[in-house]
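Participant: Take a look at this one; I'll ask things after.
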Amino acid sequence: MMFLIFGPPGAGKGTQAEILAQKYNLKKFSMGDVLREEISAGSSIGRMVEEHIKNGALVPDELIFEIVEDFLLANLNTDILFDGFPRNLNQALELERILAQHNLKLSLAIELSLPEDEIIRRLSGRTYCSVCGTLYNEITNPPQKTGVCDRCGGKLLKRPDDDVAVIRNRLKVYNEETRPLAEYYKSLGIHRMVSAMGDKDLVFKRIVEVIDGCFK
């Protein structure tokens with residue numbers, strides 16, 4: 001089993017990927033998580049990534065593809081879920097090439113869909129723990145106590161990139177860069193769209209129905 005999940009900011013990709021990985025015993029590939037792990041480990045790739053980030057530059061695709069291939073080589077006999085990767089058509093094509101080199105291929109591409117007004121509403125309600133980094137959402141995934149992290153009791157803060165003007169710009173980038181993946185994966189016959197409206201449990205149930213239907 002090897003599939004990916006993508007969708008606009010605020011659709012809950014990270015949350016769903018986390019619980020899907022647990023349910024199906026998947027190795028989750030999240031580019032952000034992997035980059036942080038490489039930096040923390042002090043690897044040669046991690047040092048290069050850190051240098052780009054320090055300089056305010058995007059991590060180049062060549063480096064990203066090297067990270068992806070290293071991940072695949074380390075998990076050749078493991079079921080994998082790609083979370084928020086690829087982000088554009090170029091990355092999707094390169095991922096297919098890398099997979100083919102190892103006689104692997106994607107079986108499913110799940111797109112989470114959400115209306116723009118709901119995206120803005122959700123992103124405006126996002127918070128994170130200032131101590132442990134745990135993510136919350138005042139609307140879809142609130143903490144048990146307002147403003148306090150369930151895990152460590154740390155103070156919850158709003159993300160600076162979650163004001164409406166920034167959100168609209170991120171949506172523009174998503175529609176230009178990532179949304180075209182839907183047509184590409186439709187052409188491969190593996191695209192499935194799932195509504196991200198509702199709470200995380202309802203969305204999870206919809207995704208599970210799609211996955212179980214594809215892998216029976």
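We number each residue from 1, going along the chain as drawn.
Placed from the backbone N, Cα and C atoms, the Cβ positions cover glycine too.
Okay, these came from TrEMBL:
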BINDING   Gly10, Ala11, Gly12, Lys13, Gly14, Thr15, Arg126, Gly198  ATP binding site
REGION    30-59  region 'NMP'
BINDING   Arg36, Ala57, Leu58, Val59, Gly84, Phe85, Pro86, Arg87, Gln91, Arg159, Arg170  AMP binding site
REGION    125-162  region 'LID'
DOMAIN    126-161  domain 'Adenylate kinase active site lid'
BINDING   Cys129, Cys132, Cys149, Cys152  Zn(2+) binding site
Participant: According to DSSP, folded down to helix, strand and coil, what is Cys129 (Zn(2+) binding site)?
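Facilitator: Its secondary structure by DSSP: strand.
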Participant: Which chain neighbours of the Zn(2+) site, leaving out Cys129, Cys132, Cys149, Cys152, have a Cβ atom within 8 Å of the mean position of the site's Cβ atoms?
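Facilitator: Here the nearby residues are Ser130, Val131, Gly133, Thr134, Asp150, Arg151, Gly153, Gly154.
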Participant: Determine the Cβ neighbour count for Gly198 (ATP binding site): the number of other Cβ atoms within 10 Å of its Cβ.
Facilitator: 13
Participant: Name the one residue among Leu58, Gly84, Pro86, Cys149, Cys152 whose Cα is closest in three-dimensional space to that of Arg126 (ATP binding site); these are the binding-site residues.
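Facilitator: That would be Cys149, the closest of Leu58, Gly84, Pro86, Cys149, Cys152 to Arg126 (ATP binding site).
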Participant: Using Cα coordinates, what distance in whole Å links Cys129 (Zn(2+) binding site) and Arg36 (AMP binding site)?
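Facilitator: Rounded to the nearest whole number, the Cα-Cα distance is 17 Å.
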Participant: Among all protein chains shown, how many Cβ atoms are found within 10 Å of the Cβ of Leu58 (AMP binding site), not counting that one?
Facilitator: 9
Participant: I'm trying to understand the geometry here, so how far is the Cα atom of Ala11 (ATP binding site) from the Cα atom of Gly84 (AMP binding site), in Å to the nearest whole number?
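Facilitator: Given the Cα positions, Ala11 (ATP binding site) is 11 Å from Gly84 (AMP binding site).
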Participant: For Arg36 (AMP binding site) and Gly10 (ATP binding site), determine the Cα separation and express it in whole Å.
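Facilitator: Taking the Cα atoms only, Arg36 (AMP binding site) lies 21 Å from Gly10 (ATP binding site).
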Participant: Quick one: give me the count of other CB atoms within 10 A of the CB of Arg170 (AMP binding site).
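Facilitator: Arg170 (AMP binding site) is surrounded by 17 other Cβ atoms within 10 Å.
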Participant: Going by C-alpha distance, which of the binding-site residues Gly10, Thr15, Leu58 is nearest to Cys132 (Zn(2+) binding site)?
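Facilitator: Result for Cys132 (Zn(2+) binding site): the nearest of the binding-site residues is Thr15.
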Participant: For Gly14 (ATP binding site), which of the binding-site residues Leu58, Gly84, Gln91, Cys149, Cys152 has the nearest Cα in space?
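Facilitator: For Gly14 (ATP binding site), the spatially nearest of the binding-site residues is Gly84.
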Participant: Within 10 Å of its Cβ, which one of these binding-site residues (Ala11, Cys129, Cys132, Cys149, Cys152) has the largest number of other Cβ atoms?
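Facilitator: In terms of Cβ crowding, the pick is Ala11.
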Participant: Within 10 angstroms of the C-beta of Gly10 (ATP binding site), what count of other C-beta atoms is obtained when all protein chains are considered?
Facilitator: 27
Participant: Quick check on the region 'NMP' (30-59): DSSP residue counts for helix, strand, coil, in that order please.
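Facilitator: Summed by class, the stretch gives 22 helix, 1 strand, 7 coil.
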